[in-house]
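If you check TrEMBL, you get these features:
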DOMAIN    165-224  domain 'ABC transporter family G'
DOMAIN    307-515  domain 'ABC-2 type transporter transmembrane'
TRANSMEM  325-346  transmembrane segment
TRANSMEM  358-379  transmembrane segment
TRANSMEM  400-423  transmembrane segment
TRANSMEM  435-456  transmembrane segment
TRANSMEM  463-485  transmembrane segment
TRANSMEM  584-605  transmembrane segment
Amino acid sequence: MSRIVADNSISPARDHSAAAFFTMELNHLQRGGGATESPTLGQLLKRVGDVRKEATGDGGETPVHQVLELGDASVEPRSLPFVLNFSNLTYSVKVRRKLTLSSVFPRRGDRLAAATASEPVPGESLFTKTKALLNNISGEARDGEILAVLQRIAQSGSIVIMSVHQPSYRILGLLDRLIFLSRGQTVYSGSPFNLPGFFSEFGHPIPENENRTEFALDLIRELEGSPGGTKSLVEFNKTWQSKKKNNNQNQNQSSEDSYQLPSLSLKEAISASISRGKLVSGATNSVVDPSSSSMVPTYANPAWTEMAVLSRRSITNSRRMPELFGIRLGAVMVTGFILATMFWQLDNSPKGVQERLGFFAFAMSTTFYTCADALPVFLQERYIFMRETAYNAYRRSSYVLSHSIVALPALVFLSLGFSAATFWAVGLDGGLRGFFFYFLIILASFWAGSSFVTFLSGVVPHVMLGYTIVVAILAYFLLFSGFFINRDRIPPYWIWFHYLSLVKFPYEAVLQNEFEDPTKCFVRGVQIFDNTPLRKVPAATKLKLLDNLSETLGMRITKSTCLTTGVDILDQQGVTDLSKWNCLWVTVAWGFLFRILFYFSLLIGSKNKRR
């Protein structure tokens, strides 16, 4: 007898009034006396369709079950296999969606996701970088094909942990280690091939041609129903494991004549496995000599490889958010434009000198304040950094160096843009050589400011707290730089802060770059009265005062006589302790010092201690 069961469930979403369910049986009865011509599959399906039309055409109650008889029903039927096999089935789905702006103009991420989903991906490639994979898979699982793929993944160095329900003999052969649990306690842990020996020693040998896992599960189930439970099996497993461990130790000791394998502690093996992305065997002995040095390299890659990878990652992150650099460059250029138009083409007069001093003080402090955007960089990456360095994925020094190298190109562009926007517009002195030094000192200021803010990001835990500290400290640096009060006028108990000020050295450097020419005059003749109450006196009166002053001093002073040069202005401002190049090197050294301090802050304050 062959049976075809045809089901047709009408979805309520399509027709709420028709809840008909069709079930038909087609019984093929073969005569015992002679062979009859068997109906073809097309004839069988046609008869099924005719019956279904009759069932739905009269408008009455739909029959629940119908049987089509083929042949003589008086003859006792004989069961025949009847299998329908379909392959390469396709289907189409129509989904009604609302017409929205995103559906008409899809975003780039949606197009990328659709393109990625349409590409076939091999099974192994999904887990090429997976260190541990936990899976719950059916024991049948296409007769072990999926488990064969997982076995190749495990052999490549990953950990594959899964629960298997009634595995077949073939699947059992793919497993390296099998664990039986009973109410949270381990009753067996070892290779599947050791099951016969284990249960034989326990007193329940596995019969021949018996499925090992089914026997073990039945025995465990039987023991769980007994008064003593599986306690005896748990205790036997502990004894059997310790005996097996002792045998392995004896075998390892006997094989030490040729060479001795390095013994690693569990912590070292885990650290090496995670840092390498591959498994490293741990020590078989429970006691490891603490004085012995680890045989596994602390880091999986050399320092230059780590720096290359981290630099590439930082560049990728910057390319994904170009608006950050664009806004910072825009802020610097707008500041430069405002300064250029405010201090446009300063003259060589006493007022021009004062205006130059104000321009330099504001310009140098601006370079430091615009570096505050580096504060949230590490604060946002702190937990990623701690997770990646927890098992020595890379060195902290590699992280510091890579971020320093990646930050330099942006600082060069910022320095070049600000220098070009202000040097010739303000009318600074020195020509191309003066512009080159002006560019270098601004670059050094950006470098020192960025390093200082980066160091603070490794110390402070919150962004808002960091911004408050940065703004306050930079304000103190500007106060003690020497612009508001000269160095010889600062109280002795605050003079130390003057030499710690980051703004002091670039400020003094640009002053020396501007006023170092001894032939350039800034105060001539009657200009000596410009910064005094006599500035409103008529010019003729000023000339008479110069004549009287000449007679008193015994030297001729005219309206064109140079009274103050650039060197005199430097003396008045107290800028005499360091040359401009020494100020440049000190500013650069400040940047390196803060990078080193940032490294120590990572080394001390960002340790991921697992408890």
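Including glycine, each Cβ sits where the backbone N, Cα and C put it.
Most Cβ pairs under 8 A with the transmembrane segment (463-485) among the ranges 325-346, 358-379, 435-456 are made by 358-379. Long-range contacts of the transmembrane segment (325-346) within its own chain (CB-CB distance under 8 A, at least 6 residues past either end) are made by residues 318, 352, 355-356, 358-359, 362-363, 366, 370, 373, 410, 413-414, 417-418, 421-422, 425-427. DSSP labels the residues of the domain 'ABC transporter family G' (165-224) in these numbers: 30 helix, 12 strand, 18 coil. Predicted-model confidence for the domain 'ABC transporter family G' (165-224) is 81, expressed as mean pLDDT.
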